[in-house]
């Protein structure tokens, strides 16, 4: 448990204010305020349909906000295109592992290497020593160092999740967003993933959506509970767990 | 004063023409809208299913005039019903043999059904000859209805219109009110879930496809009153039909109706004020431009994917 | 050097394949076929340009354009306009009421060369236009469609509609375009008579070399990171987008490359056949070109060439011998290929041919009577020819 | 006349070749092939090979089938009566497949590969334009049967259908005179033949007849919606609707005219594009009372035609119909035979040189004669559509000179 004490006063890296999105009148996210600090592992929990995934979609530009602002390190994300948001330093992992199954681990990671991102850059991209080193380094980090030349669809479910995290790490993002990173993992994989998150949160912020409370406890610096598109409670895991409103929402379901 | 009343008459007839083009487009598109909208399948042979209906009508008409001339005035109803079942049955077969194997690959369905349309065209040619044929229309379908001295409302136009309204209403009832429609919609929303609650999704697919083809057959039968019947007649309709469905947003019957309406009105007005060729170019260009600005079509709900 | 070998020739296997194709079209055909048949093959090769472009767009990019005829036609029309102007010098058109303009303009009471025809007096402008005009249109269509994330099927249908509109426009503006007859009776290129057998032979070789060049360019694209990104996009578009790539720009790029290839093919078509008409712009030729790519194998650049050759040979042969059966065969072929052999000839080669070849190398004595391979056609594609979209 | 063998032949006999074909055939049959064929065509002592080049498949097959049938019938009859210069005609038929480059390709095959002595073929102008450079370069000979827009005259083509002025002017004169027509609505499918025809019609109406064109428009090929057009016709009330709509559009147009109450008792309509073939698809009852301007109708009452119709039906069934183009296609082999026998040679140049002045008294349409410009002198008839799908001939012009480049009409 690394406590981020001492950084609390700094300006948050991500500041969501008054964020609203409505689908045909249904407000999936409603006047939401949420802040993620530097070097913080911030977990969002909430019952199904609370709008958790939608919040991630809004931050990374997959869904456009109806109103409100998302300030990331001084830049307004609601008006930016998806790939610009990524290039600004936001990485997003999807709920189901989204990797290129017919490429090798190496090629998967290389694909996310932040060079040759434009058409002609990609056309003339060369696999330099620098690229190879970076890929190997990230592969070590995500515990796939021995599987570099394995085709990705042969990996276990947990390894696929790690690979996707690794692909994000290749981009060296300021803010890493993970949607249910341990879903479908074994107990030992969960522990390893928690360690991984604690390692990689050094020097960057991580926003996680998760259901597994044990896992949340092991990684969260701060927890936000969403309910019907709004913040129901926020604070440390302990504080949130004892909050009567939260208990009611969870038990009420 | 006389000029004014004549102008009124022309305006009325032109208004009717717009409606009539609308009904033709809608009738062409209904079958496709069901198949494309509900199943996501692109049936490039849709035009040939129209042609099946047209040839069915021709055969019934010839048989009637040779064997049961007294039945002449009424054969058309029989032809429409037969067209529905014949086109539907062939559609059922096609779904079984081809489409059902391609559900995961929409673009491939498009190509395979194109191949099917070639085969069907040559089939028509082998059976009925390369020349166009003409079904003898019963007298009550010919000529026009004159509400006033100056206004001629074509009876076949009225007939197509009535048929379109009837068919659209029936389809609405089937899809949005019947148990079967519920199953179709459930299957389209979530195949796995539908299967797990006991819906035979294969059967639903097959019936939906057959229904779409059957509706195309009815349209083809109706079109013998206003157009030609030949082996390649179906290809005249196919692009217009697709544009109507795509422009409408593909997923809702309402969208198809609205899009058929707007395309028909635009076409009809432009034809009246410019000329046929230019009207076609303007209308198609406008549709493509709008599709570029609004690729999801005129009507489609904003949803979280 | 090694890099160029790997990326352009695709390693040993690719190099052999390319060499075989080059030998076939540069040596075998010219030696084996008479001038008449060779000219026909030359025409088929111009379709192969389009098919190669379709492999890039459709096989790799997952973009199925049903309007490649648009670009083939535009390239062809650019070339035809140049040739027509050369054929319409004041001397040979002196019986017209306005000498010096193309005959069809004269018939349509046009008394002055339209402005957009003027630049086509210049050969260098024309050669640029052959590529640039199709690419510009592809760029406009691509930006409009891909930036707004138009889905596959919509894209196919919209390209089809554009093909239709262009045909209607060309036919309608016959004073400017030659109408439904097209631009006909093309004779010379800078004074060189393109109708003679020698000229046709030279044009055949030009066409063949250009085609091989296009294949090399396509190879380079496919082997680059861009090629991998295309495949990745086809299967996991969201992932690519959220890895920081502007997905649309990659699609636009391959679409433009496909258009450029088609434009070159169209220009070579005009030169070899001697005319251009709206019947190559429309929906039917556009879909036929997809057939070529599908038969050859949508992921195989070389397969596209074989597909174009084979389907057209078949078309010529069967339509001569069994005109009644031809459409059944064509339609049936298309259904079967799409349904059961989505990787076309190239897929068959990979699953059967290579195995057969390997056996041949291992046990030459067996090769005398190779047993039919009693395995059902493998639907599982080989790794490098990964899967149907 | 640079070739000696011809001089050896009795010239007088050659001139009357058509009428005396039987006799001539037996006389010429003694001439060795080397003498009647100096350019290496496919001619043997007993056989001469010709080509037929039409669309048997594709969208144009509908129209071209009749031409193939007529050409084959004529060739069969010629063979039965002793052949050409004593040689039986052998046919190689190629399919243009409704595709213009295929036409050009097959034309090359016939001329270069098969060395045919002549080709009967093409239907659309587009296909003719595509094959024309091939025929000119390879020096072949084409007999082209369709009525067309004119503006063309090739040494290598004999046009057995009417060019536009022949078909149009007599028709317009007739409606102006008989129906007192002053105002005209011009309408056609959107391609070169209707557009050129309407241009000629407009000039004639405005400059010669002193009438007025109150509307002129074109619809894309394959268009099936004519409601707006019909309303415009009702609005402008022309004395005559002058139509050149083709293909599937034809059927739609006339069915919708009838349904909108624009029938012969209220509106005069003269068309250039409806023959008996098209009437099959339209249905005679949908067009009854309208007029068509053509050089031939199946119902023409003369002994030549009676024999022709009988032979045609005997070969192709009693329901077979014969349209204008079918008859013109039938003329091709006969005109070629006459020209070959007049020239005494199969050599293209000699046949071409012998062609002008060839007369055919046996033509189903009556009498035709080849003009110096390779088109035919012919009469134009006005036929009134009957319910049974036939035409009643209501007017017949004098013999009209073909004028493919009409002064003052361009």
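Cβ coordinates come from backbone N, Cα and C, glycine included.
Per TrEMBL, the range carrying the annotation transmembrane segment out of B:74-94, B:179-199 is B:74-94.
By number of Cβ pairs under 8 Å, the transmembrane segment (B:157-176) is matched best by B:236-257 from the list B:49-68, B:106-124, B:236-257, B:269-293. Within the same chain, the transmembrane segment (B:74-94) packs against the transmembrane segment (B:209-230): three or more Cβ pairs sit under 8 Å, each pair at least 6 residues apart. Most Cβ pairs under 8 Å with the transmembrane segment (B:236-257) belong to B:15-37, among the candidate stretches B:15-37, B:49-68, B:106-124, B:209-230, B:269-293. Among B:15-37, B:49-68, B:209-230, B:269-293, B:49-68 has the largest number of CB pairs under 8 A with the transmembrane segment (B:106-124). Residues 14, 18, 243, 246-247, 263 of the same chain lie 6 or more positions beyond the ends of the transmembrane segment (B:269-293) yet place their CB under 8 Å from a CB of it.
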